[in-house]
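J.: Sharing a structure here in structure tokens format.
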Amino acid sequence: MASTACTPPPPAPGELTGPRSRARGALLGLAVGDALGAPAENLKPSEIRARWGRITGFVADRPQGTDDTEYALFSGLLLARHGSALTPAHAEAAWHEWITERATFRGAGFSERGTLENLRRGLAAPISAQHRHAWSDGLAMRAAPFGVFAAGRPGEAARLVAIDGSVSHEGEGIYGGQAVAAGVAAAMAGAPVPVVIAAALAVIPDDSWTARSLRRAVAVAHRGERAVRSAVVIGGYPWTDLAPEAVALAFGAYATADGDFREAVLTAVNMGRDADTTAAVAGALSGATQGLSAIPAAWADAIGPARGRCLPSMGGRHVLELADLLLQPAEPPRPAAAALDTPAPAQPTPAVLDTTSPPQPTPAAPRPTAAPQPTPAALQPTAPPLPALAAHRPTAVPAPVPVSLPVLTAEAGVAVDGGRGAVGCAARVGTEGAV
């Protein structure tokens, strides 16, 4: 039976694509995609068709989310606690308090298990991320809250998610999380699909595996899910949780659907592979793009509080509560987002995205034209305060490599990215088995 304990109320007039609707759409979209994709995880499209035909909704009577939703709650509460002041020490302390000492880890990924083992051995971040699965999509699956928090500032979203990821991921694993966080941050400001993709590409190295896969996926998205899958998936490779693959499949599904929530999520689900994560990311991107009202009511009603099967400390928490926590209670409207939702005014339209990282406004002098950055004092999750660690003092991680972020305007609807196009096409990596 579907849980309706936290069914979202009808949106207020004018809130259909406002900041709160986009925040709730992003995180509920993540949870819906996770639950829809879970049965298809690690399957090929041909295997999915043999079992269910084409998946068009929940295939289980009691749909359940996975570790993807519970880890997104974990990272979101960590971010709400510390805001832009988040450090590797905060992230490591949260792992010890909320995961290492209490987690059952049922259904957890290899990267999380490797991190847990390293932390229990006394290793600190970033050394705790040095395990055999640091390239996984485990950071990408929990990255959406950073985009919600840093709405309209993809560079800041990418910086913060890399700090969180320093405990568990390296290299391509970090890049995957940064691409997702930046994409959600752009969508939260009302950016159109091509600009969301450009923002994701702008925060990761051009020559990274993640960037190459993402460009391949979106370049063939107009040809449908089979083309996207063939352009990205490495035939015969046993692991389906590769960040470069999963993130590219998710963005490919999002581009194929042109941001439509239902189509984006179902496209990701029916491509198989790490379907819970790819559908969760596609759901977060399209939910932030279209807002809460785009999620079918039957799907939204099926998502109740987290069960805590993987992370008991997250049991009873709901993604909608987290979405509200990550926003200022009285957030003023964003002129940039409004410019995308209404006819263009006569005067020049301001930039859609502030891609620099401006100083955090103080409560005494908020910036009148942009939503103030939530501060740790304004965001108090229900979990008890995390104690400072004495035995596990992490070392500082290098700051993310500076990147040239695109200049995004509502008038143009395209990215100016130092001469590099928003999307490109490269050689095909390979295909996998029967599809």
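A Cβ is built for glycine as well, from the same backbone N, Cα and C atoms used for every other residue.
Feature annotation from TrEMBL assigns Mg(2+) binding site to T66, D67, D68, D274, D276, T277. Under the heading compositional bias 'Pro residues', TrEMBL lists 358-375. Feature annotation from TrEMBL assigns region 'Disordered' to 1-20, 333-390.
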J.: Within 10 angstroms of the C-beta of D276 (Mg(2+) binding site), what count of other C-beta atoms is obtained when all protein chains are considered?
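T.: Taking all protein chains shown, D276 (Mg(2+) binding site) has 29 Cβ neighbours within 10 Å.
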J.: Which has the fewest other CB atoms in a 10 Å radius around its CB: D67, D68, D274, the listed binding-site residues?
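T.: Relative to the other binding-site residues in D67, D68, D274, D67 has the fewest Cβ atoms within 10 Å.
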J.: Which of the listed binding-site residues (T66, T277) has the least company, meaning the fewest other Cβ atoms within 10 Å of its Cβ?
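T.: It is T66 that, of the binding-site residues T66, T277, has the fewest other Cβ atoms within 10 Å.
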